[in-house]
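Annotated domain 'Amidase' per TrEMBL: 23-145, 167-487, in sequence order. Per TrEMBL, active site, charge relay system is recorded for 76, 171. If you look up TrEMBL, you'll see 146-167 marked as region 'Disordered'. Sequence annotations record features per position, and here TrEMBL assigns active site, acyl-ester intermediate to 195.
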């Protein structure tokens, strides 16, 4: 049941094959078993069971609220949830309980979804590994999959089993791990420079970033207001479309959402690919791209070509400036947004009371980690009066050129762009932390951040397993507000490639063993 699509589970609930409470308990039991993945920061067991009970009453009366009624979901811990702690994986917000729900959370609850808990992330969503939050790193469920374990046994490297687990990607790694390990059917992430698509690629999931302005940001604790969007993580493209249909639309509490009424996002079962023009951006063929990703990218292009689609090479000439431009704009907005955490209104407050300035300084030193402080410093540097024109304004102009590159390509008749999502498959944690957060983010956001600057929809679709038995995904980029067309192409591609289901039986059997090892690891974490 847990591996089925939303539609199938919804039908099973309507037919009484399973009750919402049974489904909820199954997921809660799996959350418990997979605790060592560190996917969840808060598990809202009581809330979920109460919601399941309400859902059950509706089903008995034949008054289900829709496809999500009674379906377990998870939410990244940077979305406000009324009465449930929301931490952004930071000391700054430990113990902060919002008095309201984010609009997207409210919309899911209004449809009867069951909130299983809040998922782990990089602190304030700044990172691409889900390794830098105050609650520790998230482990990729594929580290424990039969597919990866079998390949590892063929090429043993002598590392101990425990230290060699893989990262999930980030910053929405907790949400990705939660869906990948079958503890929920869909999860909310956020996407500022690739934070939903990157972990989706590493965890073998569909990771969708909607057009900017299609889905409300109200209640999403902001990182970069002009680029943040709520993201959706599911196992199937159809599931993403169902969730998007519920989330999309104008919100009076978010002035950046579109006023136009939103059409349904139901995807056709058959699309005529021969009418499509697929663009392959030549600038995305970078030397750092792994040979396996390159080969699958090429195979995907051939697949469209063989079905009659027009596949052409296109140019996005300002791509080489995009990561630097993104860094300037991202850190500048971060510096501005983080000013609200001053120890006065909510969140952490230090004990120093010598002066207001000393209290501010100590609060922020204790509350933020090095990564967040580093980005605030960079941003404040770019916003200094003497630097503002040369950095911030110049980056805004380059951002416009980058957005125009996409406009020109789509105006030339291209329907969808096909690119890699990541440079390579997931890497072991010990390898990942050899580089600092900023270097890693610059590498990992290379194919994803330009889309955020242009406000376009993009989706990661898992394509195949690497020679190591790990997922590799590709990214489809659509025209602004053509989210349905983009998902229709993604659905066709998903059907063609038949990505294998993660086999986690061993993980379930080994849980007790891993939990023992985990206790030792968590002791050393606490001592730090």
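Along the chain as shown, residues are numbered 1 onward.
Placed from the backbone N, Cα and C atoms, the Cβ positions cover glycine too.
On a predicted model such as this, the values are computed, not experimentally measured, just so you know.
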Can you tell me how far the Cα of residue 76 (active site, charge relay system) sits from the Cα of residue 171 (active site, charge relay system), in Å?
9
Could you tell me how many residues in the domain 'Amidase' (23-145) are helical, how many are strand and how many are coil under DSSP?
48 helix, 19 strand, 56 coil
Can you tell me how many other Cβ atoms are located within 10 Å of the Cβ belonging to residue 171 (active site, charge relay system)?
38
Same-chain residues six or more away whose CB lies under 8 A from the CB of the residue listed as 'active site, acyl-ester intermediate'?
125, 128, 170, 171, 172, 189, 231
By a simple count, how many Cβ atoms lie within 10 Å of the Cβ of residue 76 (active site, charge relay system), its own Cβ left out?
32
I'd like to know the mean pLDDT over the domain 'Amidase' (167-487).
96
